[in-house]
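S.K.: Positions annotated as UDP binding site by Swiss-Prot: Thr16, Arg179, Ser249, His250, Lys251, Ser252, Ala253, Thr254.
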Amino acid sequence: MKVNITNLYGMSGQSTALIAQNDVTKLAKQLGFNELSFYFYDIYSDSQSELSRRLDGIMASVGYGDVVIYQSPTWNGREFDQAFISKLKILQAKLITFIHDVPPLMFPSNYYLMPEYIDMYNQSDAVIVPSEQMRDKLLAEGLTVNKILIQRMWDHPYDLPLHQPQFAPKLYFAGSVERFPHLINWSYATPLEIFSPEEESNPEANVSYCGWVSRPELLLELSKGGLGLVWGVEDNPADEPEYYGLNISHKSATYLAAGIPVIVPSYLSNAELIRERGLGFVVDSLEEASRIVENLTVEEYQDMVERVRKFSFLLKEGYFSKKVLIDAVMEVLS
């Protein structure tokens, strides 16, 4: 018997979906899991028989009764995913669906597909969901799987020496302003440094642009000191789509892995974890975020940095992913 895990290739190297699956697979392979590689492509170029042969090749190493962790979605469409699951059922594999994203919730125009996704999830022996909020949402939508595990936090594995963060009264934001346009005109007293190509903004905006940088470069720059800002696509939390409160933020893991505290909105699914562990601040507005940084003392900052330092080790070594993967395997084999 083997434990297998699916992985994704063929997307842009900047794709968060690809990076997340690659990271989880890297950590799973440290546990001895076998990789099943998917390529992102136009599945409609395949006939049904061609798709079947493609999946047979991908699954050639899967044995009868194996455990398979399916990182969902493959982004090749539900037809591809369902065909893969159907073949696993023939092999009587134990199926663990590791839900990274739920497209019908992520894209409201695709909500009509929700019953089909729930049906796919219900074929699992266990599911891993990002948060308690996502679990409750999927149960309300018809999820019937008994064994549900909570991920809670993304890991951010890396292997390079970082700086020791020093107090700096500024905020970082790692994300394209095309997706977060309300940050272009940031006018609060606390300076905001955005890792994104420069955009035209109000001359009075207190914003500077750092351009796009690689993951190692980003960690190195963040680790010099400051605080990491996590925020949604809307300025006002009341206007934020529901989905951002169901999934878990990659940004928060990046900042914490770099060793700096975070400021997150109260609707973030793991905001309570950040509050309880003293890893930063939970706020209800960007104005409050700026005010907190303005009033932060060097001593308060260094106390937080020390707590973040210990927590960042968990993210660097991949303990959140490893734990939930091991727990899931234990569940389906018990």
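Quick reminder: no glycine exception, Cβ is built from N, Cα and C everywhere.
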S.K.: Please name the residue among the binding-site residues Arg179, His250 whose C-beta has the most neighbouring C-beta atoms within 10 angstroms.
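M.R.: Neighbour-count leader: His250.
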S.K.: Hey, what's the Cβ neighbour count for Thr16 (UDP binding site) at 10 Å?
M.R.: 15
S.K.: Specify the secondary structure state of Thr16 (UDP binding site) as given by DSSP, simplified to three classes.
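M.R.: DSSP call for Thr16 (UDP binding site): helix.
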S.K.: State the count of C-beta atoms found within 10 angstroms of the C-beta of Ala253 (UDP binding site), not counting that atom itself.
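M.R.: Cβ-Cβ neighbours of Ala253 (UDP binding site) within 10 Å number 23.
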S.K.: For Lys251 (UDP binding site), what is the tally of other C-beta atoms lying within 10 angstroms of its C-beta?
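M.R.: Neighbour count, Cβ to Cβ under the 10 Å cut-off: 21.
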S.K.: Can you see whether DSSP assigns Ser252 (UDP binding site) to helix, strand or coil?
M.R.: helix
S.K.: So the record assigns Thr16, Arg179, Ser249, His250, Lys251, Ser252, Ala253, Thr254 to UDP. If I measure every Cα pair among those residues, what is the longest distance in angstrom, as a whole number?
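M.R.: Of all Cα pairs among the recorded UDP binders, the widest measures 19 Å.
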S.K.: Near Ser249 (UDP binding site), how many other Cβ atoms are within 10 Å of its Cβ?
M.R.: 23
S.K.: Including all protein chains shown, what's the count of other C-beta atoms within 10 A of the C-beta of Thr254 (UDP binding site)?
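M.R.: Step by step: centre on the Cβ of Thr254 (UDP binding site), count other Cβ atoms within 10 Å, giving 25.
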